[in-house]
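Annotated features in Swiss-Prot:
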type: TRANSMEM; residues: 6-26; note: transmembrane segment
type: TRANSMEM; residues: 37-57; note: transmembrane segment
type: TRANSMEM; residues: 63-83; note: transmembrane segment
type: TRANSMEM; residues: 118-138; note: transmembrane segment
type: TRANSMEM; residues: 155-175; note: transmembrane segment
type: TRANSMEM; residues: 181-201; note: transmembrane segment
type: TRANSMEM; residues: 207-227; note: transmembrane segment
type: TRANSMEM; residues: 228-248; note: transmembrane segment
type: TRANSMEM; residues: 341-361; note: transmembrane segment
type: TRANSMEM; residues: 378-398; note: transmembrane segment
type: TRANSMEM; residues: 410-430; note: transmembrane segment
Amino acid sequence: MSLLQFSGLFVVWLLCTLFIATLTWFEFRRVRFNFNVFFSLLFLLTFFFGFPLTSVLVFRFDVGVAPPEILLQALLSAGCFYAVYYVTYKTRLRKRVADVPRRPLFTMNRVETNLTWVILMGIALVSVGIFFMHNGFLLFRLNSYSQIFSSEVSGVALKRFFYFFIPAMLVVYFLRQDSKAWLFFLVSTVAFGLLTYMIVGGTRANIIIAFAIFLFIGIIRGWISLWMLAAAGVLGIVGMFWLALKRYGMNVSGDEAFYTFLYLTRDTFSPWENLALLLQNYDNIDFQGLAPIVRDFYVFIPSWLWPGRPSMVLNSANYFTWEVLNNHSGLAISPTLIGSLVVMGGALFIPLGAIVVGLIIKWFDWLYELGNREPNRYKAAILHSFCFGAIFNMIVLAREGLDSFVSRVVFFIVVFGACLMIAKLLYWLFESAGLIHKRTKSSLRTQVEG
C-alpha cells in the first residue's frame, strides 16, 4: 500500500467515522443512553477502530493486507450500512398517540422477581458446576485455545447457560439502583467471568460484557463521566490483551509485544479486515440465502433428540472460515455483521440487513422505554434486566453476524421467559400452600418498633 492509497483510505475512514460519531453524539446528548447509542458505538468499534491498527501493522511491520480498493469497499459498505440503519431506526412506523391505559401483558411482584433472579443464577451456577466436574480448569490443562472445541472437552453445550448469571445480577441491581448495588454487580459478574475464563480455557466474553454493562449503567446514572469511560476503555483493552496472552500461552517483549498487541487488539475488538477478505473473494462465494440462520439453531438441539444432527454447522462464520479462508483449525473466524450478509446474499443483502437491524434495535429501545415508564418497580427490573442482558447478543450481532444473533436471541428469550414462568408457578404453589404472607403497613411498623 502506497502513501497515496493510504491517504485516500484515511479520508474515507475519517469521514465515515465522523459521520457515525456525530450522529451518536447527538443521540447521546438527547437521551444519554439507549440501544441505538450502544449499537452505534459497537458498530464504530467493529468496523472503524481497527483501521489505525491495520495501518500501523502495514507501515511499521510490513504486514500484508487486502488490496486498497477492497479495503475501500469495506469502509464504504460499513458507512452505507450505517446510513440505511439510522434512517430505518429513526423512521416512525405509526403515528404518536396519547398514552392510554392498557391491560399489561404480565405483572410482577416482589417474590416472583426474587425467584426469577435466583432461578437465572441457579441455571448459571449449576451449568458451571457440571462443566467443571467434567473438565476441571481447562486453562491449565489444554495446550492450545483451539482444543476447547475438540472432542477432549465434554458438556460444551452447557457454556450457553453460563451467561444467565449476568441477567440475574442485573435484576438485583435494578431492584435497588444505588452505587453499592452497582459496585456489587461489577464485583460479582467479573469474579464469575474470571472463574469461567479459567474453567472454559480462555473465554473472555463474560468479563467484557459485565464490564461494558457496568460502564453504561454508570453513564446513565451519572456516576462516571465520559473521560472516565474513555480511561476505562483503555484499561479494558489492556486487560483483554493480557488475558489473550494468557489464553494463547504467549510470552513476548519489545517489538514483538507491540506487534502482538496490535493484531490481537484488532482481532478482538475490530475484525474489519475479515469483511475485506470476504469482499476480496466475492466472486467465489456461493450465496447461502437464509440457510445459515436455520442451521445456527442446530447447535441448540441435543444429539439424543436428533441422532443425525450434523456435527459441523455451516453458518456464515464457518462458511467464511472453511470455504473462504480454508482454515480447518477448529476455530470459527468472525465474518462480522456485514460479512454474514454478504455470505447470505451478496451486496443486495447489505441494505436489507441494515433495515432489519434498525428494526431490531428499535424494538429493544421500545422495551427499554417501557421499563423506564413502568410504575411497578419489580416489572421494570425484569424488563431492564432483559434488555441489558441482551447486550451480549448485540455484540454477537456486530461481530459474528445476523444468523448467530437470531439463534442466540431466540435462545435467550426462551430461557428468560421459562424462568419467568417457573417463578410465577412457584409463587402460585407457595401461595396456595399458605407460605406467602403479604406485607402490610402495620406489620412493617411493628418490625421497625421492635
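Even glycines carry a Cβ here, placed using N, Cα and C.
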Residues of the parent chain within Cβ reach of the transmembrane segment (341-361), under 8 Å, 6 or more residues beyond its termini: 35-36, 39, 77, 80-89, 91, 275, 278-279, 282, 285, 287-293, 316, 319-320, 335, 394, 397, 401-403
Are the transmembrane segment (37-57) and the transmembrane segment (378-398) close, by which I mean at least 3 Cβ pairs under 8 Å that are 6+ residues apart in sequence? yes
Which sequence positions outside the transmembrane segment (63-83), separated from its termini by at least 6 residues, show Cβ-Cβ distances below 8 Å to it? 1, 5-6, 8-9, 12-13, 15-16, 19-20, 40, 43, 47-48, 51, 54, 57, 263, 272-273, 275-277, 279-280, 337-338, 347, 350-351, 353-354
Short question: most Cβ pairs under 8 Å with the transmembrane segment (155-175), which of 118-138, 207-227, 378-398, 410-430? 118-138
Cβ contacts under 8 Å made by the transmembrane segment (378-398) with residues that lie 6+ beyond its boundaries: 35, 38-39, 42-43, 45-46, 104, 106-110, 112-113, 116-117, 163-164, 166-168, 170-171, 174-175, 205, 208-209, 212-213, 216-217, 336-337, 357, 360-361, 364, 367-368, 370-372, 404-405, 408-409, 412, 416, 420
